[in-house]
Ligand code: AP5
């Protein structure tokens with residue numbers, strides 16, 4: 001199964017992708033995670049991406065298209081993949097279509113998740129991740145047992161640089177201007193499945209599975 005999770009920052013793409021990995025045994029390809037790792041490792045690509053990410057802007061198309069093309073060619077993607085945070089522009093979607101077509105593949109489902117802006121702000125400002133193992137938390141919806149400490153490895157929980165309110169607002173504007181047009185793009189292609197992202201993580205997962213099966 002070749003799947004795209006589409007939706008604004010904080011809608012739950014990463015959370016849902018992790019559950020789908022366990023269910024289907026296919027990898028999650030998160031361009032955000034790959035870029036953050038490059039920033040942390042101080043690679044040339046990370047140095048180029050950092051300024052864009054810190055301000056909430058998109059990293060240039062050619063950088064992310066190259067990342068995804070390389071990742072899709074790897075062995076673990078041959079039985080399927082979950083794209084999380086890619087594509088984010090029409091040129092990225094066109095490039096993805098060409099890369100997949102060259103591999104004799106196509107996208108089966110684009111799951112478009114949505115919740116209102118107030119909920120997005122609550123989810124993003126309260127999100128925390130372990131600086132050591134990367135496990136995800138939310139201060140209200142998925143808190144750790146001890147505040148600020150990871151349940152799994154006792155690492156310190158930190159807030160993402162781009163989860164400050166001003167940057168979040170910019171990310172939401174960028175989403176509306178550059179990524180939301182992909183909803184119509186994939187609707188026209190006949191692969192769009194719209195799912196309400198409001199509800200418990202488990203309920204949203206159930207709705208995603210139902211949308212895919214339908
Ligand atoms: P990226 O990392 O992709 O961030 P994003 O798309 O902004 O999405 P998020 O990771 O913020 O949100 P999410 O939908 O995954 O939500 P989550 O599951 O964590 O991109 C970051 C940056 O990298 C971009 O701004 C850009 O600069 C660059 N970039 C990345 N890809 C790019 C591309 N293709 N082109 C160009 N630039 C690119 O959930 C959020 C919180 O809500 C969590 O705390 C979670 O616990 C909680 N939560 C989740 N579901 C629920 C629920 N049902 N109920 C209650 N709480 C919930």
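Just so it is clear, glycine is given a Cβ too, placed from its N, Cα and C backbone atoms.
Together with 10, 11, 12, 13, 14, 15, 199, Swiss-Prot lists one candidate of 88, 127 for binding ATP, that being 127. Among the candidates 160, 193, the one that Swiss-Prot lists alongside 31, 36, 57, 58, 59, 85, 86, 87, 88, 92, 171 as binding AMP is 160. Each of the binding-site residues 11, 57, 133 was scored by the number of other CB atoms within 10 A of its CB, and the lowest score belongs to 133. Nothing from the binding-site residues 57, 59, 86, 88, 133, 150 places its Cα within 10 Å of the Cα belonging to residue 10 (ATP binding site). Within 8 Å of the centroid of the Cβ atoms of 130, 133, 150, 153, where the record puts Zn(2+), the same chain has further Cβ atoms from 131, 132, 134, 135, 151, 152, 154, 155.
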